[in-house]
Amino acid sequence: MWIMAGSLYPRTSRDLMDYRETDALVMDYSDSNPAQSRSLTVTNTDDESLLNAMIDGMGTHGAQHDLNGYMHSFEQSDHHYEDANDYTGASNVMDTLEDLSLEFGKYDDFHTIDWLRDIARDRMHHRQVVKKRQGGLWRRLKGAHDAWSGWVCVLLVGLAAGTCAGIVDIGTSWMSDLKEGVCLDAFWFNREQCCWSGSSNNETSLSEETDCGQWHSWSRMFGVEGDGTGSYFIAYSMYILWAVFFAMVAALLVRMFAPYACGSGVPEIKTILSGFIIRGYLGKWTLLIKSLGMMLTVASGLSLGYEAPFVHVACCCGNIFSYLFPKYSRNEAKKREILSAAAAAGVSVAFGTPIGGVLFSLEEVSYYFPLKTLWRSFFCALVAAFILRSIKPFGNDYLVMFSIDYNEPWTLLELIPFILIGALGGLFGVFFIKYNIKWCKFRKTSRLGKFPMFEVLGLVLITSLLSYPNHYTRMNSSELIRLLVSRCGPEDNSELCDYNRNSDLSEPYKWSALAGEGVGSAVWKLTLALLFKMIITIFTIGTKIPAGLFIPSMAIGSIIGRLVGIGMEQLVVNNVDSVFFSKICESQDKCIITPGLYAMVGAAAALGGVTRMTISLVVIMFELTGGLEYIVPMMVAVMTSKWVGDAFNRDSIYDAHITLNGYPYLDHKEEFTHTTIAADVMRPRRNDPPLAVITQNSCTVEEAENLLRNTEHNGFPVVVSRESQYLVGFVLRRDLNLAIANACKTSDGVVSNSIIYLTEQVSCDPNGPAPLKLRKILDLAPVTITDQTPMEIVVEMFRKLGIRQTLVTHKGCLLGIITKKDVLRHIAQLRNQDPESILFN
């Protein structure tokens, strides 16, 4: 019998050989005496060298016949064993699982995938396809279809994501305006569309609501004209009623039809892309309810956004379309390549930033990102952005949400306030993460978590009651950001643009000026809006409704930046003669400070403080605004924000929620610096029951069924005997369960005392029950380590190889097992955290 640590063993009739390529492949082979096992290291992992090394190593052990038999059988077009006797030695017993179902090798809910196994299956599948291309036109077409299936899949995902984004944005705009009034001529128009549908420009002015004859405010609908108390009271009441209605409908849809549609979905997407299985999280009902819920919650006026949930929506599209292609539907590792591309498309349509979306997928959410996934992610994001541009949901000729129309220069002196804004953004991120996690923990442990509908009701009532009186909290967060990053022009008559400008200058709106009373009033309102949004967002994120934090964080940051920008502007204008501002001012009345730029930098700093993104965030902000000249200020602010945030806590809001929910996620960005060894972590430990194992040729069906019934382990090591404990291989719980159930239904003579054989040699007793041969489900090459292996190496194996578990041996004898959950619990314990908080479900 031979055993290889990178695997050449039959699992199913469709997958007779798993071939794992590594930099150095270690092969162990043994004969009937396990004590005489040997090892061989191969540094060249091409097929021919590998097979030659295996044959040379097996030599006198008689394994060359087995290897040739496997290779000969694999070359058969139907992928079945050519002759059962070739694989059972002198026995006449046919393998009980001659035709394994496609159910074998799949994963249960709340389990992690085996990256090595799935990637090896894909490589073998590719070799099969290449070999079949030589067999005629039809097989060549099938091979071509297999080659382009990945591109076709991401094309469909991009089309679906762009369409969903356009519909959601248009629906959100209509619902948001519905809180203020309705277009009687065409009720499906929002206010802007309604007013521009008038017959003359005089009737379609958007400067004042009363100037638009087609749009009817709710006070006007109730017969109350003017701006008196009655009109204000009706508008206030209808605003609250519509907000409550939208939020409650969203909460009800999530609770009744798709519980997974709540939140932003980014922590779960990160966990899924790391190899975790959450059935239903990317399903069609989740897609539908998430899309509807996003429109309803944003329109309700709650302090949240739909940009981050677009990542979840796009990944739902990716999961659904992957089932059209067997190459991805039957391979969880390959499916995650599609999901990585879908995540890029989600950010692309959320902001209109295709390149930023690709970098976001690479930097923030993806766990396995090969080069071909980079290309496909770029293509998927490009298609999604093109579809979004065709729909024009932003109501202009730009792809981005916050396009700026100025390019005023900035000076090196302004790096000081930019650094200050970055530090404030980092501090905001620390504050937000700390208290949001505290509130979420309280929600989980108190009675409040049992009544999510009442929590949403109370939250929307408080938000709508307090936000309506302040113009800056009443408006949509995206509109607020667009207002704050813009530059004042001749057509602007808002409070933020109330400056005492010198009309004698040739370009009076280009230069900074002394602030008027309106700016002072706006500063106070923005300060109150800042405090309100900082507090209410803490309680909003984490509720059982679709909710993202990109836009709320950017809105808070843009307020901070605009306030700092106004302060810097007035400081310069009032001290024109100072030597410090000589580079900013050309003359007495010609100083250039752009508060909108400060708002833009503040938005990037706050979002960076919450998410700890760097490169992708800068690119997103550049694409979002089109401000190519302002990349350096944004880079400075984002890096400062990250440094300040990491000084207090290195976890982003997504990592904090992953830890809070106990998801089995191993962050590859963290370093393991402790000196523990595998024996300190493996199970069973002292005073624990012995490890559940299966013997290779003495375990009965009844014993196996009792083992499955009384344990919840993901799989079981296979040993020679309970006395020797020499390791033979590993069998998955799901495969064993399905194999026994299938054999009992289809095979005659299999009873409870039938012996299960996981070996080639089968002993036949004419007077005894029929044996059950299940060697096909046995993994002959499980990943193993010794008990003295440093945990630093073990952690890197779990991170970079994506293994589910590793077996711990000592001189060939099985000692224990280490699972991903054990590693996570060990890391939590070393951090003085509760190790029992790491849960798979």
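Cβ from N, Cα, C; glycine included.
Per TrEMBL, these features apply:
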TRANSMEM  148-168  transmembrane segment
TRANSMEM  233-254  transmembrane segment
TRANSMEM  310-326  transmembrane segment
TRANSMEM  338-362  transmembrane segment
TRANSMEM  412-433  transmembrane segment
TRANSMEM  453-472  transmembrane segment
TRANSMEM  522-541  transmembrane segment
TRANSMEM  547-565  transmembrane segment
TRANSMEM  597-622  transmembrane segment
TRANSMEM  628-645  transmembrane segment
DOMAIN    682-747  domain 'CBS'
DOMAIN    774-836  domain 'CBS'
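Remote same-chain residues near the transmembrane segment (522-541) are listed as 263-264, 302-304, 428, 431-432, 435-436, 439, 459, 462-463, 466-467, 470-473, 480, 494-496, 498, 547, 549, 552-553, 555-556, 559-560, 562-563, 566, 653 (criterion: CB distance under 8 Å, separation of at least six residues from the stretch ends). Remark: secondary structure over the domain 'CBS' (682-747) totals 24 helix, 17 strand, 25 coil, with classes taken from DSSP. Most Cβ pairs under 8 A with the transmembrane segment (148-168) among the ranges 310-326, 453-472, 628-645 are made by 310-326. Across the range of the domain 'CBS' (774-836), the DSSP-based residue counts are 27 helix, 18 strand, 18 coil. The stretch in 412-433, 453-472, 597-622 that contributes the largest number of Cβ pairs under 8 Å to the transmembrane segment (628-645) is 597-622.
Between the transmembrane segment (233-254) and the transmembrane segment (412-433) there are fewer than 3 Cβ pairs closer than 8 Å, counting only residues 6 or more apart in sequence, so the two stretches are not in contact. When Cβ-Cβ distances below 8 Å are used as the criterion, the transmembrane segment (597-622) is approached by residues 347, 351, 353, 355-357, 359-360, 362-364, 402, 404, 408, 410, 417-418, 421-422, 424-430, 432-433, 481, 484-485, 549-550, 553-562, 564-565, 568, 628, 630-631, 633-635, 637-642, 644-646, 650-654 of the same chain, each at least six residues removed from its ends. Sequence-distant contacts of the transmembrane segment (453-472), counting only residues of its own chain at least 6 positions beyond either end whose CB sits under 8 Å from a CB of the stretch, comprise 236, 239-240, 243-244, 247-248, 250-252, 255, 300-303, 443, 480, 522, 525-526, 528-529, 532, 536, 539-540, 543-545, 559. Across the domain 'CBS' (682-747), mean pLDDT in this model comes to 88.
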